[in-house]
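What follows is a short report on a single structure.
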């Protein structure tokens, strides 16, 4: 039987309490519900008690000898970080495109000439299930070392029914085998494959009539995503795909307004999407409609940074009442990173967000963006015992001392999975 874990004397225990019922918006994104000299008791995989060290020492005075005690003196304790937008399961690498972009090629130029998503699609189609599992597990291990305990994972590098199912089956197997929880998204509409270049509507029909029903039948995904962008899928095609997903029980998400304004934010609001992601070029009208419809903005500053583009205006979105989450967009072409803490720092430096806001965006709002805020995203009694401990005294220092992995300890479902910065 696993011993209880008792975290004691945290310099700051950032609980993020109070935001489980609905996404956190506006000024409340700066409210972290911090407990100084904080303490938390984890048992049977869930959080049993949260408070000051004095409170827990009194409450558990007869059980102290039972617990594995972690001294968090001088450290920041937060909920396990949550990454709500990744392309985790893929094969291959695209470092050659990095040099092409440095020499002036754009993302869409590379893609339209057979690179980009098409390059990764070819590698992923060629990879076996076992090869995809092994490569993706390595990424998950790195996520864990950077404090992440839950990730969303998209398909979208298969673009055939067989290969999309292969990606989703790998994600399912990883979810069962790895400490990190994985929430899967079907994204067969990530790109129009080259074999359908002359007839993209036929591919859209296949996504709607063949892929979505089979993914839903096998219960391999929670969400259905589409890349709504000029040269990829039009707003009309995107609407058809998202509405088809809803008919089969898949919740809508959308890659929106990344390269240019394309009414993606407006479409997200219209179809009641759980989130709209990227939004670098979202219109003011679209932002307002997202706020009214309760669509979460999942912002990906690492992608803009890596593509040398202007970031999404996170400050404007928060000030206009949009709930903002933040993510790595881990993928081989435009954001090959697993460091969510670094992405949080970019949220401050490139999107005008405060250190408190980016922590909210990487925990409770990220949980809402993948519909699991009832289980994770805050340190509250009854939630999963997912905790990250950083070697910094407070949440401000976490963003101030950038480019360093400050993760000391990660606890998943009450089990220590990272200790002293290494996999346990």
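For all residues, glycine too, the Cβ spot is worked out from N, Cα and C.
What Swiss-Prot records for 85, 87, 255, 329 is Zn(2+) binding site, and it gives sequence analysis as the kind of evidence. Close to residue 255 (Zn(2+) binding site) in the fold, though at least 6 residues off in sequence, lie 225, 226, 227, 228, 229, 264, 277, 278, each with a CB less than 8 Å from its CB.
Residue 85 (Zn(2+) binding site) is surrounded by 30 other CB atoms, counting those within 10 A of its CB over all protein chains shown. Among the features that Swiss-Prot reports, Fe(3+) binding site is placed at 85, 87, 255, 329.
The 4-imidazolone-5-propanoate binding site annotation in Swiss-Prot covers 94, 157, 190, 258, 334. Sequence-distant neighbours of residue 258 (4-imidazolone-5-propanoate binding site) (same chain, 6+ residues apart, CB-CB distance under 8 A): 229, 264, 278, 279, 280, 281, 303.
Residues annotated as N-formimidoyl-L-glutamate binding site in Swiss-Prot: 157, 331, 333. Around residue 333 (N-formimidoyl-L-glutamate binding site), taking its Cβ as the centre, 25 other Cβ atoms fall within 10 Å, counting all chains.
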Could you check which of the binding-site residues 87, 94, 157, 190 is the closest Cα neighbour of residue 331 (N-formimidoyl-L-glutamate binding site)?
87
Nonlocal neighbours by CB distance (under 8 Å) for residue 329 (Zn(2+) binding site), same chain, sequence gap 6 or more:
85, 86, 87, 277, 278, 300, 302, 303, 335
Nonlocal residues around residue 94 (4-imidazolone-5-propanoate binding site), in sequence order (Cβ under 8 Å, 6 or more apart):
115, 116, 119, 120, 332, 333, 336
CB neighbours of residue 331 (N-formimidoyl-L-glutamate binding site) within 10 A?
24
Using Cβ atoms only, which residues of the same chain lie under 8 Å from residue 190 (4-imidazolone-5-propanoate binding site) while being at least 6 residues apart in sequence?
117, 154, 155, 156, 157, 159, 225, 226, 227
Grab the N-formimidoyl-L-glutamate binding residues from the record (157, 331, 333) and give me their largest CA-CA distance in Å.
12
